[in-house]
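Student: According to Swiss-Prot, the protein carries these features:
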BINDING   87, 105, 106, 107, 108, 109, 508  ATP binding site
BINDING   896, 898, 907, 908  Zn(2+) binding site
COMPBIAS  902-912  compositional bias 'Basic residues'
REGION    855-912  region 'Disordered'
């Protein structure tokens, strides 16, 4: 009550922030008459002037009003577009490192030019992150005219571009690209074998377009660079023949071999199913010994393949989750409906789907590098974003990224009419109503956009419309090459456009069609008369569409997130235009079937509803929204769970990448090698001759054999012990250390100091990379089974953290030992041979990258769903970690980032 009273008196936090920013808008507007009087040359000279003022100590906030006024005037002259006052507010919100929620059609692309220009003046690089390559190139080309005119350089990064072009793009003041490309380039940079092979500078400032899509929808799927493993794909094909012989249970307690957990996207074998599967696998010769059982240690690989095959057959559907194109299985993005060419599911799922579809099965992949979007974007010194729908996820943005959402008012009032949902008994009744609504709109000349949740639904609707003689366009994963053209024409009178989910985001649907697109077809040489005719025709169509009611949105199914539904609705009613929306639902829709309360379904059946009967009731709509909230909470738990696990990996990743940076920057790593050699030899001797031990406890024969096999150094330690009666463990350790040091000194004298320095650096880098790759594979295996610890009354996250630390420590010890072993045994005659070795390794690394896959991993691989369900209310709440934007270098006396409590130099800094 007190809160609501205070809000009425002082306004909400959002309103208070808008009032503060409006004061700055007044300052910017006051500067406009002065800025307008400047010549082009004087206006362009403002950029170097701002840079000098920043260099002299002025802050960005101090020069913001004048810089925004300059950018607005330059935009008017170059692009013919002047920023509205609400767009100035949006630009300030982005500069402050917050999220600006702006409705569709409010000009987010133009808004971004203000903070991009201001922050690019610092010369440390600004990244503008988009959802697809088309938008990155389009915005870089369009807005690049403005930035170039103002004296700033612009680059765009995209997959497959030449190395030199990518270097130049990242060196530019402003770089456009997709979230995936920025993420993969970060990982590639940390696999580079020399400084010259790296692209990115320090991650300074990023503006994320469609921030909800990138930081929330895609946050469940880590970015992974993986290469083919050695295992043959034949087992996937053999196991695939088994699965169709297993029967599905209708419920967890019903009869059959397996049941499906649709919420968690998992398949579980029943007791009977395990026995039946074992029998079938034995008959197929896949299991060799009937006494061992399916879950014997030697059969775990078979279990992995069987689980993947069950998920491929029972959960993943063709033309919904993937399509088959040119003999390949191509993933369909569940949020945008776009195909993700070149991406592969991990954990054997992609191979299982390939076997199911009868296309060539490619080898399973091994992780080479990975990172989540949460940890990637939290590395930026300053992060901001913009979208039409963020307020429903404000808590997640704040708790995970430290980003506040500010809702920006529209330039003109929204007049779109959102009709109540219509709920039908089954899908047939629902689609009959959808088709009737489409035909009615087409007859009246009202354009309609139909949103579907799958390719299958869009093609089914398309077939019905074709039979009814209704002209239409389909925009889904199979047609996304024509995406911009289809969306540009979706506002024509009577146009019918069927779109999978939110494909086509980033391009406004203009009532009457896109005037700019028609001008573009005319060309720059067109006469004024021709342009006038085009404008007159467009205005006539525009007025006709407005009279018919504007764009009508039809949703054929509620998405599991209210935000995605709001995005679809938001395509209509842009900039004060008329528009309308309606969702058609049925009890057979996934959301209703899995999550909606049973009483809704029972009530509708008890009322004797027929196929074409419809319910329009606010109570039902509230139940649907309640179901969506349940799913949103469930998905937030999954994303939070994923982040908790990846934070462990991230601490280790930071240590390894920091050490790689030190190695790449160092002129010489001799001191590192000398320190490592002392540690390795001490540990080696201690294994066979423990400190402070007596000679009866020594194993000199084992020590001699190990020195010869690992270091290539024969030492007669037993003879030494016979001749020196007073010899103790410390003296033996000193003798071995002296001999090894002499061996390394001889090697250096033979090849020269420069050659030895180059060799040491090359070996340390190569061994560290190989050790990290093998460690990632072990972490994958650990993560996949860690949730089972919950059954033993242990906290999986704590167990994961503890065992991950042990694996990491073991990996670093192995790396140190391998570095010394290699340096002791390698035979190099000249510096040219080292250079040739480095060049060969670089070529192999490039070949591995070309052969590698850039993919999103299914979040289920983290055991996320299982653990979330087990831990609800069972674990102590996990505190939200403070978001750290900037990552200072870890000092040698600082606490180690791994969390051991030791100093960095005594823990994971020992390798440095």
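Indices start at 1 and increase along the chain as displayed.
Including glycine, each Cβ sits where the backbone N, Cα and C put it.
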Student: Applying the rule Cβ within 8 Å of the centroid of the Cβ atoms of 87, 105, 106, 107, 108, 109, 508, what extra residues of the same chain belong around the ATP site?
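Tutor: Going along the sequence, the neighbours come out as 102, 104, 110, 111.
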Student: Measure the Cβ-based neighbour count of residue 508 (ATP binding site), defined as the other Cβ atoms within 10 Å of its Cβ.
Tutor: 20
Student: Which chain-mates of residue 105 (ATP binding site) that are at least 6 residues away have a CB under 8 A from its CB, listed by sequence?
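Tutor: Sequence-distant Cβ neighbours: 508, 574, 575, 577.
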Student: If you draw a 10 Å sphere around the Cβ of residue 87 (ATP binding site), how many other Cβ atoms fall inside it, taking every protein chain shown into account?
Tutor: 27
Student: Sequence gap of 6 or more, C-beta under 8 Å: which same-chain residues meet both conditions with respect to residue 106 (ATP binding site)?
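Tutor: Residue 106 (ATP binding site) has long-range Cβ partners 86, 87, 90, 408, 410, 411, 574, 575.
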Student: What are the non-local neighbours of residue 107 (ATP binding site), defined as same-chain residues 6+ apart in sequence with CB under 8 A from its CB?
Tutor: 81, 83, 84, 87
Student: In the three-state scheme derived from DSSP, which category covers residue 107 (ATP binding site)?
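Tutor: The residue in question, residue 107 (ATP binding site), is coil (DSSP, three-state).
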Student: For the binding-site residues listed here (108, 109), tell me which residue's CB has the most neighbouring CB atoms inside 10 Å.
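Tutor: When each Cβ's neighbours within 10 Å are tallied, 108 tops the list.
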Student: Using DSSP and collapsing to three states, where does residue 508 (ATP binding site) fall: helix, strand or coil?
Tutor: coil
